[in-house]
Structures are given as C-alpha cells and as structure tokens.
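What TrEMBL says about this one:
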type	residues	note
DOMAIN	B:1-241	domain 'Tetrapyrrole methylase'
BINDING	B:LEU9, B:ASP84, B:GLY87, B:SER112, B:ILE113, B:LEU163, B:VAL225, B:HIS253	S-adenosyl-L-methionine binding site
Number of protein chains: 2
Amino acid sequence: MLYVIGLGLADEKDISVNGLEAVRKSERVYLEAYTSILLVDVQKLQDFYGRAVTIADRDMVETESEEILSRASEVDVSFLVVGDPYGATTHTDLLLRARNAGVPTRVFHNASIMNAAGASGLQLYNFGQTISIPFFTETWKPSSFVERIAENMRIGAHTLLLLDIKVKEQSVENLARGRKIFEPPRYMSVSRAVEQLLTLLDEKAEGYSEDAYTRETLAVSLSRVGAEQQVIKAGTLRELAEVDEDAFGPPLHSLILVGKRLHDLEAEFGEAFAVGNGWKEGCKKLVQHV
Amino acid sequence: MLYVIGLGLADEKDISVNGLEAVRKSERVYLEAYTSILLVDVQKLQDFYGRAVTIADRDMVETESEEILSRASEVDVSFLVVGDPYGATTHTDLLLRARNAGVPTRVFHNASIMNAAGASGLQLYNFGQTISIPFFTETWKPSSFVERIAENMRIGAHTLLLLDIKVKEQSVENLARGRKIFEPPRYMSVSRAVEQLLTLLDEKAEGYSEDAYTRETLAVSLSRVGAEQQVIKAGTLRELAEVDEDAFGPPLHSLILVGKRLHDLEAEFGEAFAVGNGWKEGCKKLVQHV
C-alpha cells in the first residue's frame, strides 16, 4: 500500500494519529521537500516516527517515481507531504501513476495553507482562485497572475497568494556547465511579495489594472501558520510595505488580498493584527459597500 | 488556555498528535456538533481521548459561551471542531469572544472539506468561492447562490458546494408551541442537491442563468472524504441525477461543479470516478478551449 500522508504545517506532531500509525508500519518512508517545508528538520521527524526518512527531491518524484512505487503492492510505503496530499499537482500526479501501476493507495488528509488561511479571520468560502507569485529575476518580472487577482476582486472575493519557494535551484552558470551545485533555498517573504506587487503597479506592468489592487488595498500576512510562533499582520499594502522585514519572522509566508465583500466579523477579527489605522479605515469603507 | 482543535474529517484518529495531547490535558472538553459531523459517535471519541466530551449545540456555542470560556484562563479547556477550527463563522466568533474576555487561545488546524476537496483531483487553486446549498422547503426554493456559481464559472473556476445539514431543528408547530422537540437530523445527499439544481434550471428560478450550469455541466461528488469508505463520482449533472441515491452512501456529501479552466491532469484523474461517457466527452470539450 502506498500511503500519501499530509503532515500539516508546523512540526512533527501535526501529523494525524491515523497518519502516524501508517508511517510507523511502513518499510520505506519518503518526504517530499521541494513544494513546501515543515518548520522542523528531518532528524526530528525520524526521531518521532522511529523510521528513516528519505528526502525526495523533484527529480525523484517526477521522473524516478519507480523507486518510490517499487514493491508498494506488497509492502507499506509512506510518502509524506507538507500540508495536505492534494496541495500540489505533483502529488496528484504520483497518485495517478500509482493507480496506473496497480498500486493500492490511501490518503491521509491534513491542514494546508489552503484552509489554514482561515486563521486570518477571513472566511474561506469568501476566497476566489489561489495565486502563486514567482520571484522576479534580473530579466523577468512575471505579472500574468495580476489578471487573476482582478477576476477575484471584481466578484468581491479574497485572494490567497502563495509565495515562491526555490529549493535546489542551480545558477545559470552551474546549469550551463552541468555542475550539480545548488543555490541555498530561498523563500519569498511578505516584504518581498508586497514590493513586487507595488513594482508591477508603479511600472503599470502588462495586465495590471486598478481592479486588481492599489496601495490602499487591504491585505493580511501570514507567517508560519499553525505554529506557536505564528505571526499575522493586517493593513493596507502601503502600510505592510513599511513594516520591517524581520517583523514577519522566518518562512513560510503567505499574503491575502481582501475582497470587497468583507463581513463585519472578518473586519473585527483582523483588528488584533492591524499594523496601523489603515485596516480599520479600509474595512469601514468596504463594509458600508455591502 | 482555550484549545480549539480541528478533528479532521472521518474518525477519532484523524486528530493531530498535537491536538490529542491538548485534549488529554484538558479539564473540560466540548464538541461542536451542529455545523458538521464526524463519521463515528461521541462514545468512540471519549474512549480514545480518555476524556468526557460535552456536546455543544448552537445555543451553547452562540449564546451561552460563558460556560465554555469559564475559568479557561486558569485551566485547559478544549473545544473540538469537525474539520478545521476556522471552517465555520461560529468558531471564529468563539475565538473572538475568548480574545475579548482575555482568555489565551491556541488553534490546532486539520483537514476540512475546503482542502480535502482536492481528493477529486481538481486542483484547489482553481476553485472560486464556496457555496452553501440550503434544503428547499415547502414554500421556499432558495436560489440566490446560483449567481455566485455563475461568477465562478465566468472566470473558469471550479465551485465547491457544501450541502445543507439540519441538526436539532424544530418543526414549525413545535417552535410555535415552544416545545423543545427536535426533528431527526437531515443531511443533504448529492442526489437531492442535483435535483434541486435541476429544478432551479427547469423553473428558470430568479438569478438562474446558463452561465451558472446546465444539465451538461461536469460535476464531481464527494461522499465521506478522507474515510476508508470514501466514494467519489464524476459525470454531467444529467448523469449524476440518474445515479441511484444509495450509490453515494451515507453522509456527509459535497458536490463540485467543474469550471472551464480544466487541466489535462484534472481530467485524467477524474476518469476513474466517471459514471458514464459524459466525463470524458465533457472534459475533451473543456480542455480544447484552454
């Protein structure tokens, strides 16, 4: 049996009891570690699970999945995923390959940023499509997602922005020379994300429109959701841009843009997270519009 | 400390290890049991947690929350929620009241239908706003949500439909006479939901438009997601309407309407759930449009 097990968001004990039982009876255990990260290291997982854990990088999951699926019809194999197993296309793809190979599978769900974003106090049913924001490079400032934000905003929905993660990336030079030397991992901070959003606005990037956002758009930042050291901040993009980057703390970060169909309860819940006057003033305008 | 703990979706062991540790050190434990249900009964929870569990109905949570919050600054109290703690407005409200009363809180996240809907193979980032479908009554066929579906469909997003749950409802007569006699709980089935959708279409209900859905719209049904007895079915609304109600099995059920921005992987994953030819044919049309 191939168990695909969500680990939740923060530490080794966010796994469900069902998931833990499956891990502990597995002959091999893999951890997918390139679409998200836990806030503890692998050693801690191994100690708690009492099992050796093999880190599975993108190559292993996407092109060498035979190893993971090997003999999984006869013995139990666990594939661990930060968040929920269906949080990334790559896991759905692995489940599909298992199915096509006749390997029985069982999925254990867990919290992911897609539902834990509710910690902002913004109600999940009011969210539209989720957006991923990639890092700008020296030569490329991707902006195609801005139109998706505008689509959500036009119907009054909130937008969850997932911030880029770069793990095991090679520099252009190392890639060209075929050297398997990897850059240190990079996790986009809220500060960086806001800066990129405002750059697209200032430069009137392709697809940018005021329907998507302005400096006065309300936003809620989430750092390390579900962990004891969770940090949530709320304010206008202008205000969040002025917050010291350190105040958001270590990764992972996400950002929510607030849609105009805001409810009183959502507005009130966010007050505890406000970094300035912008939250309360902005909410007042929105709630009047409903 | 008030712990608000997500139980996940299926049984007593879907709780996280962190959540279980919090329950086991709590002096009082409440279970919110009117916005959703687990697939096991309270006795099973009590046996596994080793704690007495008090069922909290809507009155207790919404108007008598003092009991739940009582002495929660001095002792540990657990409030258990099916799914994730932020899945329903009522829990956010309880957290807000705890905050206002100066009671420290800690939330333990878990899977909820909002992210476990990924079990359909439809990617969560492609979902728009989530809709709740209420039961028709003898005198009222609510249809205001249809415009919300249309909003999602126009941007190509999928729509998760949460199906009505009626717990501890009183008949009109009992309500009028002030008799605390409650009707048996009712959980809307996929069959009932599809029937109601098609009735609104046939009667051209207020707000209905073809932008929202037709008989040929693709849909995926979810029954008891996350449980071993999980059932998923895919097809057009016309096809799902013809499936025997028993085939969907016991509650809880949800339904997803498929948006036109469908990816190949999503289409392929759904094939295993198809009840007829409609899925494959419908997907072919959609994927060509992308």
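Cβ atoms here come from the backbone N, Cα and C positions, even for glycine.
TrEMBL entries are annotated by machine, without manual review.
Features recorded in TrEMBL, as mapped to the structure shown.
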| residue | record | Cβ neighbours (10 Å) |
| --- | --- | --- |
| B:LEU9 | S-adenosyl-L-methionine binding site | 26 |
| B:ASP84 | S-adenosyl-L-methionine binding site | 32 |
| B:GLY87 | S-adenosyl-L-methionine binding site | 26 |
| B:SER112 | S-adenosyl-L-methionine binding site | 32 |
| B:ILE113 | S-adenosyl-L-methionine binding site | 25 |
| B:LEU163 | S-adenosyl-L-methionine binding site | 24 |
| B:VAL225 | S-adenosyl-L-methionine binding site | 23 |
| B:HIS253 | S-adenosyl-L-methionine binding site | 23 |
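When averaged over the domain 'Tetrapyrrole methylase' (B:1-241), pLDDT in the model lands at 94. Secondary structure at B:ILE113 (S-adenosyl-L-methionine binding site), as computed by DSSP, is helix.
Considering only the residues assigned to S-adenosyl-L-methionine binding, B:LEU9, B:ASP84, B:GLY87, B:SER112, B:ILE113, B:LEU163, B:VAL225, B:HIS253, the longest pairwise Cα distance works out to 17 Å. Using a CB-CB cutoff of under 8 Å against chain A, the binding-site residues that qualify from B:LEU9, B:ASP84, B:SER112, B:ILE113, B:HIS253 are B:LEU9, B:ASP84, B:SER112.
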